[in-house]
Amino acid sequence: GFGSVLGKALKIGANLL
């Protein structure tokens, strides 16, 4: 669901950092 999308975005953001 939406939470899964948020989790994915956070994972990608962490990778960028």
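The backbone N, Cα and C atoms fix where each Cβ goes, glycine too.
Keep in mind that what you see is a predicted model, and the values were worked out from it rather than measured.
As written in Swiss-Prot, here are the features:
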MOD_RES   LEU17  leucine amide
Tell me the coarse DSSP state (helix, strand, coil) of LEU17 (leucine amide).
coil
List every residue in the same chain as the residue listed as 'leucine amide', at least 6 positions away in sequence, whose Cβ is under 8 Å from its Cβ.
none
